[in-house]
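**Q** From TrEMBL, here are the annotated features:
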REGION    1-54  region 'Disordered'
COMPBIAS  1-19  compositional bias 'Basic residues'
DOMAIN    60-249  domain 'Brix'
REGION    332-351  region 'Disordered'
């Protein structure tokens, strides 16, 4: 009954379009006539076709997931990469006991031919695997200095799902291992053209710069007014460890001679701190020994008496008469009386 009511609502003027046979070509619908001025017919609006009319041919899909034991910063970084890459897929965390070659089977089940895998060790070291599954090659990096989109210093903004520009340092075309990494970065981070979840706009740039034997990843927004760049994030530094021929293993194609493991770096820091402490203790011991040691007498310097003038010799007077003993008087008043009497006697004799 509901179907009959719908058919009746079409009216006599809008009949149902007959289905064409397999050999007949489907006729395109005629465009709606423009409404005339003064006519009582309501104005009709036509929906514009989508911007991208091309066909989605590049079926690149990237699986982004991690192992158990990652911290909050790594989790936010992984989520930021998923938002920036509309051709990515997610999966549950992998157990630590599983071998890495199991990831190839996970990618096959998820219908992905590229993989970004974050591996956490000791709850403080983060490693990133970039792999072309299942044949390879694959590269292992140590991730350092991670900053995410949610930080306040990242003031830029871009359209979600827009396609990025990839900017590479000139050294990527000079060294063979960097050329291999460049092709791997292009296939993983570039959004395929006409992807259903992507937008037909280019408003941000991924930059890969090589400094201090490390690859620095930055994401900038392109401002339309003056074509200046504002950093969006995330940002991180990749320290290359090894490049393997296979996916998550196989023969080693390149090994970074400048790489230093985090364990060795922490060990050198501890040794330097211990060396400073030992040096301070040694200085204290030397100072204590100097204080306890007996003072060495310095020999007399013969030049010290050069400018000394000898004192005049005084004649020696020999007293032959014993001096008179003074009376011992305990009372001060009596002593004063005796002194007065002596003075009077002297005065009389002089007179």
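Each residue's number is its place along the chain shown, starting with 1.
Each residue, glycine too, has its Cβ placed from N, Cα and C.
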**Q** Within the region 'Disordered' (332-351), count helix residues (DSSP H, G, I), strand residues (E, B) and coil residues, in that order.
**A** 19 helix, 0 strand, 1 coil
**Q** What mean pLDDT score does the domain 'Brix' (60-249) have in the model?
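**A** Average per-residue pLDDT within the domain 'Brix' (60-249): 91.
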